[in-house]
Structures are given as structure tokens and as C-alpha cells.
Amino acid sequence: MSLNNVPAGKSLPDDLYVVIEIPANADPIKYEVDKESGAVFVDRFMSAPMFYPCNYGYVNHTLSLDGDPVDVLVPTPYPLMPGSVIRCRPVGVLKMTDESGEDAKVVAVPHSKLSKEYDHIQDVNDLPELLKAQITHFFERYKELESGKWVKVDGWEDVEAARKEILDSYQRAQNK
């Protein structure tokens, strides 16, 4: 089955399906799911010896301003396998700019049907401060050793901003 058949979610923007590309704490390898075949490709070996602080993936049938689907970070108690799909709800967004332009990262937690562990997290301010600091630190530095690449973290925004990011990106993809 192609991952293209996975819907964006059950009820956007609050009930998403996130396709995982990179597990939390995995080796510094950037994987990307090929949208046509559904295969997980090695995009590059990261120059900085850093680990993604959360599972990293995307929402199908969305189109961000950078031309890719919406990027999503998913904290979980265990790393998720690349190519797996997890049901989530958004809680915030890390606004960033890189060499290609605006590059927001939505943060979403597992749906309560998967785990009650995240039920108390309703907004980005409910996330542990250490986790937010780790995410910020990672994205400020993960491209530092790659020639011609850079990142500027613009800051955290709330659940409403995350919902808007998802809905705008979904609408953009539908109008494409």
C-alpha cells in the first residue's frame, strides 16, 4: 500500500495522521518517505552528530510554504518505526526560517485512544520546558556543518497557530 492513500486525518485540524520518517533519538540520518512509492529513502547523512529529539514526520495531503507537506514532531514514550502512521492532535508550532524560506514544525501528541499520557498537554506551554529547549537546540544547530544551509528559529506559537498551519497547508494542497 502506498502511503499516499493515508488520509490527512480523521477530523482536521485536531485529529491528524502523521507519517513517521525519522524515529526519536535515531542515528543522525535524514530519512524521507518517497511520496510516489511509499519507500523510505536515505535523504542524507547529517554532518552534525545530533539526534532528533522527537519522532519526525508529515501530514499527507498538505502543502507547506516550503513546498513540502506539513512537518510534525511527535513526542512518544518509544521511538516509532519509519513508515508507520500515528494518530495525533496538535499542541503548538515551532516557527523557523531556513535557506529555503519559512519552515514551520508542528508539534503533535498521540491521540488519547493511543495513550492517556499526553491528555494533560493541550497547548505548547503544557510541554515540558526541557523538551521544548531540546527541540529548539536541535533545530538551531542540526544544519551548522552543512555548507550553504542555515536555520533561524523564530519561536514557539500556540495550538491555534498549529491548527491554522495545518488547515492552511491542507487548503493549499487541495488548490494545487
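Placed from the backbone N, Cα and C atoms, the Cβ positions cover glycine too.
Listed in Swiss-Prot for this protein:
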type	residues	note
BINDING	Lys30, Arg44, Tyr56, Tyr142	substrate binding site
BINDING	Asp66, Asp71, Asp103	Mg(2+) 1 binding site
BINDING	Asp71	Mg(2+) 2 binding site
- Item | Rounded inter-Cα distance in Å - Tyr56 (substrate binding site), Asp66 (Mg(2+) 1 binding site) | 16
- Note on the structure: Expressed in Å to no decimal places, the gap between the Cα atoms of Asp71 (Mg(2+) 1 binding site) and Arg44 (substrate binding site) is 17
- Message: Name them in sequence order: residues not among Lys30, Arg44, Tyr56, Tyr142 whose Cβ is within 8 Å of the mean position of the Cβ atoms defining the substrate site.
- Response: Ile22, Pro28, Ile29, Tyr31, Asp43, Met46, Tyr52
- Item | Asp103 (Mg(2+) 1 binding site) in three-state DSSP notation | coil
- Query: Which three-state DSSP class does Asp66 (Mg(2+) 1 binding site) fall into?
  - Reply: coil
- Task: Would you find the one among the binding-site residues Asp66, Asp71, Asp103 whose Cβ has the most company, meaning other Cβ atoms within 10 Å?
- Result: Asp71
